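Asker: Sequence annotations record features per position, and here Swiss-Prot assigns NADP(+) binding site to GLY13, LEU14, GLY15, ALA16, MET17, GLY18, ASN119, GLU328 based on similarity to another entry. Summarising the annotation, Swiss-Prot assigns substrate binding site to ASN119, ASN228, ASN232, SER316 and lists similarity to another entry as the type of evidence. Annotated active site, proton donor per Swiss-Prot: LYS224, in sequence order.
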Amino acid sequence: MTAPHRSTIHILGLGAMGTVLAVDLLRFTNALVVPLFRSQERLAQFQKTNGNNISIRKLYLEGSPIFSYPVEKCECPETFSKKPIDNLVVTTKTYQTKEALAPYLPYINKNTNLILIQNGLGVLELLREEIFTDSKNRPHLFQGVISHGVYQDKAGVFNHAGWAGMKIAKLPWTEEEMIQKKSVVEDDAANNSLVKLLTEPKFAKEFGIEHSTYQEMLFGQLFKFLVNACMNPVTAILDCVNGEMKASCGPVFTSIIDECLQILRVAYRPLFQYHEKYSGNEEYPEMDVNAVLTTDNMVSEVTRIGCDINSRNSSSMRQDTLFLRDIEIEYINGYVVKLADNLNLDPNCCKVNKTIGELATMRLALNRSRSINGDWRKD
């Protein structure tokens, strides 16, 4: 009797998002989950600290249980098997993508499925223009927009604080492919090994997987981007847990979102014109971006998702500033500033996001200074 096929999925970036995904893949599928580390030293550190186990505490479940699973195999550039990679999940920080991928590029080819699960925007351009420049040998590219709230506490434990699902879609390598027919989703659901794994009924239900066209995912990505543009830098600047600022965050969220939307409407014009162009065409999904991505609605939604559902969460950017790590501000609020410049818009149209980015960067610099020179407030 032939043994059932077992998919192998490599995960590059075993931080908060990589961990929550890996644990649930181990819980609900039979996939071989292989974390990839950037060096032999980091691999040895993981094995020494965790004993080849990955764990997460589910704060939203009664009793806040910890789920811990052993990983059968871990690799780094020095120990890598040198075999082609079938499925690769990238959950590194956006600014780390190019460097993290570099050692594994020889094993990524046109048959590889690569999914990005990251905050921010702008990585697709990086992949197209600087990494996968040969259009004939590019991998099958997917994006995951994750809304789960996960953070690492001071004891090193990852905490899954809020359950909110993940959207996945095939990414287009060219702008001409931005608008996809429903048949693209149907074909991947039937024939693509990564999509089939992520949409296995048990895992898909528990992780909240929603497989869609690119335009639907981009809609969700812009929605999530607006959440991140508010929650990440503001919690980092204020040094607060999400729910603490619920009563007072409205005015600053309004300023950030209103400015972002003005720029995004220009940069992603086909998406914002989608409803009037494709509504009623059965080959395309129904979607009205302009009914959702309004300033008033998004301030309400960001507050609901960020400060209510994930009230106990500490944002990834706040965690980075607390642990003195580089922050992703250039791919979030900084991305809006860069878009405005690329589109030759008035520099004043992005002054709020520019200031927010500068304050978040200043918060990180202040925390780093205090770690060396002490906290002057205590003198």
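Just so you know, glycine gets a Cβ as well, placed from its N, Cα and C.
In terms of burial and nearby residues, how do these features look in this structure?
Answerer: In the three-state DSSP reading, GLY15 (NADP(+) binding site) counts as coil. Note on GLY15 (NADP(+) binding site): other Cβ atoms within 10 Å of its Cβ, all shown chains, come to 19.
According to its DSSP assignment, SER316 (substrate binding site) is helical. There are 25 other Cβ atoms within 10 Å of the Cβ belonging to SER316 (substrate binding site).
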Asker: I'd like to know which of the recorded positions LYS224, ASN228, ASN232 sit within 10 A of GLY15 (NADP(+) binding site) at the Cα level.
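Answerer: Near GLY15 (NADP(+) binding site), where near means Cα within 10 Å, there are no recorded positions at all.
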Asker: Can you figure out which of GLY13, LEU14, ALA16, GLY18 (the binding-site residues) comes closest in space to ASN232 (substrate binding site), comparing Cα atoms?
Answerer: ALA16
Asker: Any idea what the Cα distance is from GLY18 (NADP(+) binding site) over to SER316 (substrate binding site), rounded to a whole Å?
Answerer: 13
Asker: How many neighbouring Cβ atoms, not counting its own, are there within 10 Å of the Cβ of ASN232 (substrate binding site)?
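Answerer: Cβ-Cβ neighbours of ASN232 (substrate binding site) within 10 Å number 27.
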Asker: Let me know how many other Cβ atoms fall within 10 Å of the Cβ of LEU14 (NADP(+) binding site).
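Answerer: Excluding its own Cβ, LEU14 (NADP(+) binding site) sees 22 Cβ atoms within 10 Å.
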